[in-house]
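Features as listed in Swiss-Prot:
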type     : residues : note
TOPO_DOM : 1-12     : topological domain 'Cytoplasmic'
TOPO_DOM : 34-44    : topological domain 'Extracellular'
TOPO_DOM : 66-80    : topological domain 'Cytoplasmic'
TOPO_DOM : 102-126  : topological domain 'Extracellular'
TOPO_DOM : 148-152  : topological domain 'Cytoplasmic'
TRANSMEM : 13-33    : transmembrane segment
TRANSMEM : 45-65    : transmembrane segment
TRANSMEM : 81-101   : transmembrane segment
TRANSMEM : 127-147  : transmembrane segment
Amino acid sequence: MVRTTASFGTSSSFVLRLGQTLFSSASLLFMCFNDDEDFYAYTTFCYLVTVMGLVTPWSVTLALMEAYSILVKKLPMQATVISVIVAGDFVLSFLSLGGACSTASVAVLLMDAGEKQCDRYKLSATMAFLSSFLSFASTFFNFCLLPSLMSH
């Protein structure tokens, strides 16, 4: 079995998962802790909160699996498990990218709403972008691991 640099069960993959967890949690917190009463009037903000609410537990769960795999060094690598992880990362990375793009565009349009709120929305969109890129990287590395698992 050929392992790539950040494939499932390696320490670099664990770091990717921790980064996803950190950035998705930060994005969620920046969106939720605001004092703007019109927050729920914008669908894009609610969408980003929903997506980051999905990405955070996904990343935490996989980070725990990665940590267990690194510590025990005996987690069986099955093609179906890695396929589910690749599919989940792929879907969630596109959902978070869409949420980040829509939030960033609405934040730019709402510049007259006040600097404090727009800066918070832009910061949340930036954290969502970073989480999305780490999820794309994780998808790519685990996808490269799949052919070697299929041959066994």
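Positions of Cβ are set from backbone N, Cα and C atoms, glycine also.
Fair warning: this is a prediction, and the values are worked out from it, not measured in the lab.
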- Note on the structure: With the cut-off at Cβ under 8 Å and a gap of six or more residues from its ends, the chain residues touching the topological domain 'Extracellular' (102-126) are 26-28, 30-31, 34, 36, 42, 44-45, 47-48
- Item | For the topological domain 'Cytoplasmic' (66-80), mean pLDDT (0 to 100) | 80
